[in-house]
Amino acid sequence: MQPRRQHVLLLWLLFYSSMAEALEPISTTIAVGMAAALTGILARYQNIFYYFHECCRPEWISFNITRLKTDLDNKLFGQHIASRIILKAVNGFMSNPNPKKPLVLSLHGWTGTGKNFVSQLIAESVYAEGMHSRFVHVFTSTLHFPHAEHMATYKSQLQQWVRGNVTNCERSMFIFDEMDKMHPGLIDSIKPYLDYYDKLDGVSYRKSIFIFLSNAGGDGIIQTALEFWKAGKNREEIELKDLETTLSLSVFNNNKSGFFHTSLIDKNLVDFFVPFLPLEYQHVVQCAMAEMKARSLEPNPDVADQVARDLVYFPKSERVFSVKGCKTIESKLDFYT
Ligand SMILES: Nc1ncnc2c1ncn2[C@@H]1O[C@H](COP(=O)(O)OP(=O)(O)OP(=O)(O)O)[C@@H](O)[C@H]1O
Ligand SMILES: *[C@@H]1O[C@H](CO)[C@@H](O)[C@H](O)[C@H]1NC(C)=O
Ligand SMILES: *[C@@H]1O[C@H](CO)[C@@H](O)[C@H](O)[C@H]1NC(C)=O
Ligand SMILES: *[C@@H]1O[C@H](CO)[C@@H](O)[C@H](O)[C@H]1NC(C)=O
Ligand SMILES: [Mg+2]
């Protein structure tokens, strides 16, 4: 059966091509030429399309370690632990062509210490469009999941969103802001996606990045930072091991952390707990200087000093750490310049 069919096909081809050549040699050539040209135009058009329209391709999504490193070194102040972990974690994950699970980071710390800021730096080092990328998704508990009584709906909605978005692009990034205001249990609904699975329903989540932001555990970090300060030790001497265990434990046992008794921690699905230290006077000055530079003003140390001096610091007696971190610098600066 098979050889005979091949013979017939060959004969037919021979016949057809000779006929075509005999009948209309010119138009055949033209047709072939046009087809080739069209293919070329289509290919080029596709490239132009990729060029102007963000899509899930290396032109738009590729990790630039130089960018992340210089940004962390130059723009993030007073977070030596976070800076080091983030660079290692993201670089290790992005340079692995075949990760076993998605990257899951949980950033913890006092308000205004740079958690959202760092997630922005990560997004900018991976996506050409940064936070504006179609593949970066931010979920804010108080905005997307405000009512405890709708938990069942939120759970299925969140699963659908994550699944839909990863189906579109496996290099997706999900940022969960205000985790401490998230109903405990909601985050468990995406647990399967964070686990060591090859594929779930035909979708692989292993190249996605999940980042959780919360103030939970911030008190413990402050405690440690204060102990170091009181012992006259350098802030840079604080190491991850001084903080990490207490951090994951306190977050797990805190019913207001969004991670209360969650299987994410039970099952070690969070790759890194990243502590953000409370910021000191000198860091607030740096933030103010950076903000002036960002507004293309001449950075003025006197103004920066004044901004920093007018902030509130704690503990009351020693006045070591800024209560709002660097958070209100932007609006304060309007007042002084
Ligand atoms: N460590 C830092 N280095 C440089 N700038 C910082 C730092 N921390 C905060 N900032 C500045 O302050 C602004 C607010 O910080 P950010 O939103 O990241 O705080 P946060 O940790 O998310 O606080 P919250 O817990 O209240 O959400 C940032 O946009 C950034 O400009
Ligand atoms: C990576 O980032 C650095 C610093 O921002 C920049 O100079 C360089 O061109 C970037 N490299 C690529 C390949 O985009
Ligand atoms: C992706 O997530 C967004 C929320 O950020 C949601 O509105 C959208 O429907 C999701 N896309 C898909 C295909 O599920
Ligand atoms: C949370 O825990 C605190 C003490 O750890 C307890 O007083 C409080 O009732 C708990 N809240 C809920 C909603 O379980
Ligand atoms: Mg924040």
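Heads up, the Cβ atoms here are built off N, Cα and C, so glycines get one too.
The shown structure was predicted, so the numbers you read here are calculated from the model rather than taken from an experiment.
The annotation ATP binding site is assigned in TrEMBL to Gly109, Trp110, Thr111, Gly112, Thr113, Gly114, Lys115, Asn116. The domain 'Torsin-1A C-terminal' annotation in TrEMBL covers 279-336. Here TrEMBL flags 1-22 as signal peptide.
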Determine the mean pLDDT over the domain 'Torsin-1A C-terminal' (279-336), rounding to the nearest whole number. 92
Per DSSP, three-state class assigned to Lys115 (ATP binding site): helix
Can you list the residues of the same chain, besides Gly109, Trp110, Thr111, Gly112, Thr113, Gly114, Lys115, Asn116, whose Cβ falls within 8 Å of the ATP site's Cβ centroid? Phe117, Asn215, Phe276, Gly325, Lys327
Note down the number of other Cβ atoms within 10 Å of the Cβ of Gly114 (ATP binding site), including every protein chain shown. 26
When you measure from the Cβ of Thr113 (ATP binding site), which residues in the chain that are at least 6 apart have a Cβ under 8 Å away? Gly78, Gln79, Phe276, Leu277, Pro278, Leu279, Gly325, Cys326
At a 10 A cut-off on CB-CB distances, which of the binding-site residues Gly109, Gly112 has the highest count? Gly109
Could you check what DSSP calls Gly109 (ATP binding site) once collapsed to helix, strand or coil? strand
